[in-house]
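The structure under discussion appears below in the form of structure tokens.
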Amino acid sequence: MTATPKPLVLIILDGFGHSESPDYNAIYAAKKPVWDRLLATQPHGLISGSGMDVGLPDGQMGNSEVGHMNLGAGRVVYQDFTRVTKAIRDGEFFENPVIAGAVDKAVAADKAVHILGLLSPGGVHSHEDHLVAMAQMAARRGAGKIYLHAFLDGRDTPPKSAQPSLERLDATFAGLGKGRIASIIGRYFAMDRDNRWDRVQAAYELIVDGKAEFTADSSVAALEAAYARGESDEFVKATAVVPAGAEAVRVEDGDAVIFMNFRADRARELSRAFVEPAFNEFPRERAPQLAGFVMLTQYAASIPAPCAFPPEPLTNVLGEYLAKHGKTQLRIAETEKYAHVTFFFSGGREEPYEGEERILIPSPKVATYDLQPEMSAPEVTDRIVEAIEQQRYDVIVVNYANGDMVGHTGVFEAAVKAVECLDTCMGRIVEALDKVGGEALITADHGNVEQMEDESTGQAHTAHTCEPVPFVYVGKRKLSIREGGVLADVAPTMLTLMGLEQPAEMTGRSIVTLG
């Protein structure tokens, strides 16, 4: 048997979907000679990265966590979103022993239940249906004091779209006859993932101490005031909701705190501030002794708190299977997507496999990435080219964050520059592979940058899309690409190209047929 080409590089262009419409399509508008040449000369097709094809509800846009899980697992991974929704529908959620344990302990001592989470129908980090269910559960179990600390979205939803969600939760509490929204703050603060602890501190002090930049007598009034200050949902400053005659809510000893985000990466920092005894990223005036702090899912194994829906282990994901066959692999990304190309691609595993190396390139320290649309892509590419030339690795998995992170800003010109930068980077990788006889597969985890304006509202479109994503083979072999592929088919495709048998646990099907 002839040796398979080495290395095989999987290039994941984050947020790089395919749209037939040229309108507000940053990919269409960009000058991209390398991409155009690849599409003209190399086998390519489209694969699905949304909805049931990735284990999400029908019509639900994909996201980076889900995308990388499916890409690495080689099977459709039943997502936490669908697990929690199903548990609510089945009634199991309301008896969840971990949540019930914390709530019951607080109720027995006549203490409060605090619900934290992204209040949004976005379905990427959380879903407001889950927050409604949590409020109902607390009330059913006898909690007299139920407080929602609402983080506002505007990133996986239109920039100013929080009002219906706030009104829905106000109505939920009114219907229960108890509980209320206690505070609102933008996800920019509460859900940082880049160690910008000053942002997290603003959220922590709002929730725990009732310390706010602004106060309002209702959640909707708080939102209207934020809009009047020029803030969109994502950036709403710390606001305590204090109805007439009431005081700002604080978290007290003996209270229960339930964090209702199901996606881990943007829930970790705030969780650590609540539960780590030796936490020192910012000074905490108080660290209440809680009846319980519950993570909806496991945000990190190192966070000392129980989770309501523990991970369901995945065996024989691509990284593990390559290691079993003595293959070497490199994972590389900049900070913003490093967790995706390591933890999520490995099916929720923190530690590297035997023969796996990792390179983390710091993301630029700018307020928003439209200010530096190239991000750290050139530096990432430097290291990939070096790795290809060394021929030390059988497989290289790289994530380029630009399409997604710049797409989220809603700034069209910056998104075009991001695509043009990616094109240059791909050109360098293709050239390096050509020299050593390596191969690449280029795909994406979900769409974003191909739709930069919401036609129905005229607002910037900052969220992901349900568009299919490209799948391009780069190399010298003659092969054909089938239609109807999904992200879960990418790992089996890589095994086909490497001449490795597919493990039974991988239920995806190779997208390529050799010969």
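Using N, Cα and C of the backbone, Cβ positions are placed for all residues, glycine too.
Annotated active site, phosphoserine intermediate per Swiss-Prot: Ser64, in sequence order. In the three-state DSSP scheme, Ser64 (active site, phosphoserine intermediate) falls into the helix class.
Per Swiss-Prot, Mn(2+) 2 binding site is recorded for Asp14, Ser64, Asp445, His446, and the stated evidence type is sequence analysis. Listed in sequence order, Asp14, Gly15, Lys337, His340, Phe344, Asp404, Asp445, His446 are the same-chain residues at least 6 apart in sequence whose CB falls under 8 Å from the CB of Ser64 (active site, phosphoserine intermediate).
Close to Arg193 (substrate binding site) in the fold, though at least 6 residues off in sequence, lie Asp265, Arg266, Arg268, Glu269, Glu336, Ala339, each with a CB less than 8 Å from its CB. The substrate binding site annotation in Swiss-Prot covers His125, Arg155, Asp156, Arg187, Arg193, Arg263, Ala264, Asp265, Arg266, Lys337.
Among the features that Swiss-Prot reports, Mn(2+) 1 binding site is placed at Asp404, His408, His464, with the record citing sequence analysis.
For Ala264 (substrate binding site), the same-chain residues 6+ apart in sequence whose C-beta sits under 8 angstroms from its C-beta are Glu65, Thr297, Gln298, Tyr299, Ala300. Within 10 Å of the Cβ of Asp14 (Mn(2+) 2 binding site) there are 28 other Cβ atoms, across all protein chains. Counting neighbouring Cβ atoms within 10 Å of each of the binding-site residues (Asp156, Asp404, Asp445), the lowest count belongs to Asp156. When the binding-site residues Arg266, His408 are compared by the number of other C-beta atoms lying within 10 angstroms of their own C-beta, Arg266 comes out lowest. Put plainly, the binding-site residues His125, His446 were compared by Cβ crowding within 10 Å, and the winner is His446. Within the same chain, residues at least 6 positions away in sequence whose Cβ sits under 8 Å from that of His464 (Mn(2+) 1 binding site) are Gly15, Met61, Gly62, Asn63, Val124, Asp156, Asp404, His446, Gly447, Asn448.
The Mn(2+) 1 site, placed at the center of the C-beta atoms of Asp404, His408, His464, has further neighbours from the same chain whose C-beta lies within 8 angstroms: Asp14, Gly15, Asn63, Ser64, Arg155, Asp156, Gly403, Met405, Gly407, His446, Asn448, Val449, Thr462, Ala463.
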